[in-house]
Amino acid sequence: MEEGTGEYTKRVVVHALEDILHQELRVLDKGFVRVVDYMGSDESVVQAARVSYGRGTKRTSQDAALIGYLMRHAHTSPFEMCEIKLHVKLPIFVARQWVRHRTASINEYSARYSVLDREFYIPDEKQIAEQSTNNAQGRGTPLPADAAKRIMELFRRNSELMYEDYEALLEQGLARELARMNLTINCYTQWYWKVNLHNLLRFLALRSGAGAQYEIREYASRILEIVRLWVPMVHAAFVEYHLESSTISRSALVVVRKMLQGEKVSMEESGLGRREWGELMSVLYPDGEPE
């Protein structure tokens, strides 16, 4: 068999992931995520946990229960047996947030060796928002449509102007590593990102949450879809025990126990700070506190 034909293999193959292999899954206005390669499956996690040769149990429900146990009790090494390599096209400012997750292998398009494409991320109208009043890192209420359109045009104009200067500097013979300095951080870059499943789930837990910036959340959402196709049992356990669950402090647990016993507990009596109290109430009463 010639390498790369995909006609024969003895390794674990996940057909749902094979169906989207090398396809560009669109993100934002011009970005994408593309699965380049992968290793392992749900079976690999189960096999590693049992430290045995073979395919685990014959009952899928038992494998799912074991994966749930591993996830619930924060085991790590069984999930590290699976790896995935992604080709990602993303705005530079998103890439700078992404690389805060250091437990992965990255090789990025180099503007020292090559010329960056004339492609910029421009947020759509509904994402043009004022500074949040309760989150120093986030955005708040969307701006009126006319103001948003003016800002979008400003982004476009500045991006085009800086790119024209970039091209002019290159034409003058300036080194590429210097000419790139004037580019805006909404320019698109590309990289290959290889990560094991444990660290990927950590990335998704942090970057798919409401506190993450919208743009990187969109990438996390797309990758979460890939994880669902790749390791459906792990995905289900991750959603159950991490993504849609909540962890509370010892003091918050005391408050919950008092409430279950019928006591009324105020924020002042709870010993919790205002922010933690608010977080606890949003978990207990997602539709708003009762009167």
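Sequential numbering from 1, following the chain as shown.
The backbone N, Cα and C atoms fix where each Cβ goes, glycine too.
Per Swiss-Prot, the stretch carrying the note motif 'ThyX motif' among 56-66, 100-110, 265-275 is 100-110.
Site annotation (Swiss-Prot): FAD is bound by Arg100, His101, Arg102, Glu108, Asn196, Leu197, His198, and the candidate from Ser77, Ser208, Ser221 recorded at this site is Ser77. The record from Swiss-Prot ties Gln97, Trp98, Val99, Arg100, Glu108, Tyr109, Ser110, Ala111, Arg112, Arg207 to dUMP, and of the options Arg139, Arg150, Arg180, Arg250 it ties Arg180 to that site too. Within the same chain, residues 116, 189-196, 199, 202-203, 206 sit at least 6 positions outside the motif 'ThyX motif' (100-110) and bring their C-beta atoms closer than 8 Å to a C-beta of that stretch.
Here the motif 'ThyX motif' (100-110) has, by DSSP, the following mix of helix, strand and coil residues: 0 helix, 4 strand, 7 coil. Each of the binding-site residues Ser77, Gln97, Ser110, Asn196 was scored by the number of other CB atoms within 10 Å of its CB, and the largest score is that of Asn196.
Residues near Glu108 (FAD binding site) in space but far in sequence (CB under 8 A, at least 6 apart, same chain), listed by position: Ala95, Thr189, Gln190, Trp191.
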